[in-house]
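Below you'll find the structure, written out as structure tokens, and then a few comments.
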Amino acid sequence: MNFKEKKQLISELKKAYVQPKTRQKEAFLSKLSYPKSTFSQFAFDQLAFIRRRTWLISIALFVTMELLMKYNDFTEMQFAGIITVSAFVPMLTLVSAMELLRSKRYGMGEIEMSTRFSLGTLMLVKMSWLGISNLVVLMTSALFMMDKVEGGFVRTGIYLLVPYLFTCNLSLWLIKKTKARECIYYCATASGTVSLILLVLSKNRVLLYESRFTLAWAFICIFLFVLMLVESIRIIRNMEENKWNSLLIE
């Protein structure tokens with residue numbers, strides 16, 4: 001059964017089996033005795049569940065990019081240094097994808113669905129933390145590079161964000177279309193391909209990195225960011241279709 005057929009089947013089942021409206025649900029749930037953690041507590045607790053090696057790999061990638069910046073040449077026409085640095089950016093996406101897919105790979109989905117907050121909310125929190133950490137790495141790298149690039153911090157940040165957002169969109173599309181156990185290999189292939197293309201470009205004269213194309217880069221960056229938000233919302237909504245344990249809902 002492919003993705004479209006599965007989605008159509010779920011839609012038909014919803015039409016056939018209408019869930020009756022609850023009566024006095026709020027009053028009943030308010031009497032239940034269970035730990036009522038706030039959303040902020042729940043969100044910060046998720047930091048502890050992100051593996052240490054995920055943070056260590058991100059730090060290692062950051063250090064690698066800093067070393068490349070130090071020993072690469074930057075020129076207005078070629079930008080060999082910044083292209084080489086941006087070739088390592090897709091690896092941040094791969095590390096995040098590995099962390100997001102961990103629960104499905106190890107069959108932990110049912111456990112996560114039994115928590116007070118929905119699986120979609122859990123995924124949103126994880127994506128937010130990983131996205132924030134990746135953004136810190138990219139923006140810190142841009143700060144170190146901005147004195148070597150005409151246009152400063154903004155232009156440098158755009159050059160780093162575009163390959164990152166492009167790889168994020170590829171990974172989100174693969175997560176939506178493929179099985180979790182196979183998806184990580186597809187995401188690795190996608191990240192590796194983007195990195196390889198950028199490494200090849202770093203050895204050639206690339207006119208796209210000239211200052212006259214900066215506005216086009218900015219529009220592409222905004223478009224990819226919006227597309228990433230849309231794809232993320234779609235994935236989370238699909239997860240929300242899975243019903244969680246109503247006894248744990250406040």
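Glycine too: its Cβ is placed from the backbone N, Cα and C atoms.
Distant neighbours of the transmembrane segment (54-71): 81, 84-85, 88-89, 91-92, 95-96, 98-99, 130, 133-134, 137, 140-141, 144-145, 148; these residues of the same chain sit at least 6 beyond its ends, with a Cβ under 8 Å from one of its Cβ atoms. Per TrEMBL, the feature transmembrane segment maps to 54-71 (among others).
The transmembrane segment annotation in TrEMBL covers 77-101 (among others). For the transmembrane segment (77-101), same-chain residues at least 6 beyond its ends with a Cβ under 8 Å from one of its own Cβ atoms are 50-51, 54, 57-58, 61, 64-65, 68-69, 123, 126-127, 130-131, 134, 137-138, 141, 145, 148-149, 156, 159-160, 162-164, 167-168, 171, 175, 180, 183-184, 187-188, 190-192, 194-196, 198-199, 201-203, 205-207, 209-210.
The transmembrane segment annotation in TrEMBL covers 122-146 (among others). Beyond the ends of the transmembrane segment (122-146), by six or more residues, the same chain brings 42-43, 46-47, 50, 54-55, 58, 61-62, 65-66, 69, 74, 81-82, 85, 89, 92-93, 96, 99-100, 112, 115, 152-153, 155-157, 160-161, 164, 232, 235-236, 239 to within a C-beta distance below 8 angstroms of the stretch.
Long-range Cβ contacts of the transmembrane segment (158-176) within its own chain (Cβ-Cβ under 8 Å, at least 6 residues beyond either end) map to 3, 79, 82, 85-87, 89-90, 92-94, 96-97, 100-101, 134, 138, 141-142, 149, 183, 186-187, 190-191, 194, 198, 209, 214, 217-218, 220-221, 224-225, 227-228, 231-232, 234-235, 238. Annotated transmembrane segment per TrEMBL: 158-176 (among others), in sequence order.
TrEMBL lists 183-201 (among others) with the feature transmembrane segment. Taking Cβ pairs closer than 8 Å, the transmembrane segment (183-201) reaches residues 83-84, 86-88, 90-91, 93-94, 97-98, 101, 105, 163, 166-167, 170-171, 174-175 in its own chain, all 6 or more past its ends.
What TrEMBL records for 213-230 (among others) is transmembrane segment. Listed by sequence, the residues of this chain that lie at least six past the ends of the transmembrane segment (213-230) yet keep a Cβ under 8 A from its Cβ atoms are 151, 155, 158-159, 161-162, 165-166, 168-169, 172, 207.
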